[in-house]
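*Asks:* First the structure, which I've put down as structure tokens, then a few questions once you've had a look.
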């Protein structure tokens, strides 16, 4: 493996990445769970499903948060996670609009 | 496996900092969690056996309830029916009670004599098991924000960092994982040994740790999560509201106890009923919480599964066991709880969780030691920050264990002096904890580690001695000579007494013969004869 130059390496940017992971990671988790809640097995009214949905938030959120430090810069973390949020919420509202 | 160096370094920093920030509270959460696997047994061990009244045959329960509710107003609303042979058949709250930790909860026990007369007595409940559970959930951090415990929130935040620490730990361990997974290198110095065992324990119990991290975050923040989820639900309600019944019930309409056992048999398979918890019997919202046990099943909690129903018409309002084929989410959700509480595999599962919890505590303790070693200067006097962290690690970790063991030891003595045991437990815990912490900061980490370990060993040794004394001296016989299995508790404390003693010897050896520039080193003092003479002549 060739040695990476200084700007090819991951930059620390602790605060930005952490912030992106906490806020955008959580909203991303909610987007996934919202889609699952309405369109996953059983639909929105299946008994006890609301508890399962609530349980799903944490593992998704924390996994995204933990892996946020892989982005090269803090700005990139915000951009990519933000874009993923927009895409998933667009999908969610589109599906809601369809039904 | 090859991973880019910059990724490794990034995640190594994350692992170090998330670990050092959360290690101490998680340590307490884990070892106390181990003990809380046996919460009911610990409370039962601590409660004088005279507090429990003798059990009655199954067909006498209806007679007992009738007699109790006609003699005591309080027994017309709420009471608990126990089927356990070691507990009183019927109990209800006399004073205090309700949700959460109750230090001044007085319950009245009731039974029938051989002649069929009502016999009752009121006792302060023993909350030792609950207090250990509270220590487990809050790490001993007192106070409340609204109706939430500050400690629960702190542990919830710590669990988020702990999850990140787990992921980062795996990432930066991956390149060397295959090569040195089972390597426990004892010949490369103490430091390498600590690192290897830290990695080994971390990897083998990884699934357990992920489960714990996720469940703790959920336990701490579920209200917040539901709040956010309600936005996604829009106009759909999150929870169905139970229809308010217009019917006012009274206790004389209560069906016989046997009908609940029959109902449980119809609804479930392989479960036996442990207790029935009736509440609001003479009201329009009556409820019975039925605790059921099946050691072959994955139970929501290690103490059992629950079914809540209306006691008059048997309508189930909530259940932790699957009631029909379509209900796929109940067992899934119950399994999350079960994986945290060790509600599967029966007693073997509980002992495994006990050991895993202790190994978890070891993980945080050894992590802190590794951090200290890494920042060590190659000189005899270490930096202030390093010494501070060493003292904090010893004072908090060992101090907290010492405080719990001292409380366990003092428990039986409290009953001999006073009956307000629950408040004494709290005082005893915090006094010992802060005394140990103060001692550590005044005497230094190395010396106090040795001394606290000796103290732990002695305190553990005195628990079975106290038990022997209560058996030997009839005047102290609050606890009847119990059947053999209850000596498990005493046996375990003996094992721990030996372990702490061994730990003290090893720590002492490290202090005098280990790396002299270590934070754990103590100066070797040679007591020569002329020095002793000098001391004598000056006296």
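Each Cβ is built from the backbone N, Cα and C atoms, and glycine gets one as well.
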*Asks:* Do you know which of B:328-346, B:423-441 TrEMBL annotates as transmembrane segment?
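*Replies:* Going through B:328-346, B:423-441 one by one, TrEMBL flags B:423-441 as transmembrane segment.
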*Asks:* TrEMBL lists transmembrane segment for one of the ranges B:295-315, B:484-504; which is that range?
*Replies:* B:484-504
*Asks:* Which sequence-distant residues neighbour the transmembrane segment (B:484-504)? Criterion: at least 6 residues beyond either end, Cβ under 8 Å.
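*Replies:* Distant Cβ neighbours of the transmembrane segment (B:484-504) are 41-42, 45, 405, 408, 450, 453-454, 456-458, 460-461, 463-464, 467.
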*Asks:* Excluding the flanking five residues on each side, which residues at least 6 beyond the ends of the transmembrane segment (B:392-417) place their CB within less than 8 Å of a CB in that stretch?
*Replies:* 23-24, 27-28, 31-32, 35, 42, 46, 48, 128, 131-132, 135, 140, 361, 365, 368-369, 372, 424-425, 428-441, 445, 448-449, 452-453, 455-456, 459-460, 462-463, 466-467, 470, 476, 478-479, 493, 496
*Asks:* Quick test of the contact rule: Cβ under 8 Å, at least six residues beyond the ends. What residues does that give for the transmembrane segment (B:453-478)?
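*Replies:* For the transmembrane segment (B:453-478), the sequence-distant neighbours (Cβ-Cβ under 8 Å, at least 6 residues beyond its ends) are 48-50, 398, 401-402, 405-406, 408-409, 412-413, 415-416, 487, 489-491, 493-494, 496-498, 500-501, 503-504, 507.
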*Asks:* For the transmembrane segment (B:152-178), what are the same-chain contacts with Cβ under 8 Å, counting residues 6+ beyond its ends?
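*Replies:* Same-chain residues near the transmembrane segment (B:152-178) but 6 or more away: 1-3, 7-8, 11-12, 14-15, 18-19, 21-22, 25-26, 29, 137-139, 141, 145, 199, 202-203, 206, 209-210, 212-214, 216-217, 219-221.
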*Asks:* In the same chain, who gets a Cβ under 8 Å from the transmembrane segment (B:198-221) while lying at least 6 residues past its ends?
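*Replies:* Non-local partners: 29, 137, 148, 152-153, 155-160, 162-163, 166, 169-170, 173, 177, 180-182, 184, 336-337, 339-340, 356, 359-360, 362-363, 366-367, 370.
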*Asks:* What same-chain residues lie close to the transmembrane segment (B:14-33): Cβ under 8 Å, and 6 or more beyond its ends?
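*Replies:* Distant contacts of the transmembrane segment (B:14-33): 132-133, 135-137, 139-141, 154-155, 158-159, 161-162, 164-165, 168-169, 172, 216, 357-358, 360-361, 364-365, 367-368, 371, 374, 389, 392-393, 396-397, 400-401, 404.
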*Asks:* Restricting to the same chain and to residues at least six past its boundaries, which positions have a Cβ under 8 Å from a Cβ of the transmembrane segment (B:351-371)?
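*Replies:* The answer is 16, 19-20, 22-24, 26-27, 30-31, 33-35, 37-38, 191, 194-195, 197-198, 201-202, 205, 208-209, 212, 302, 342, 345, 389, 393, 397.
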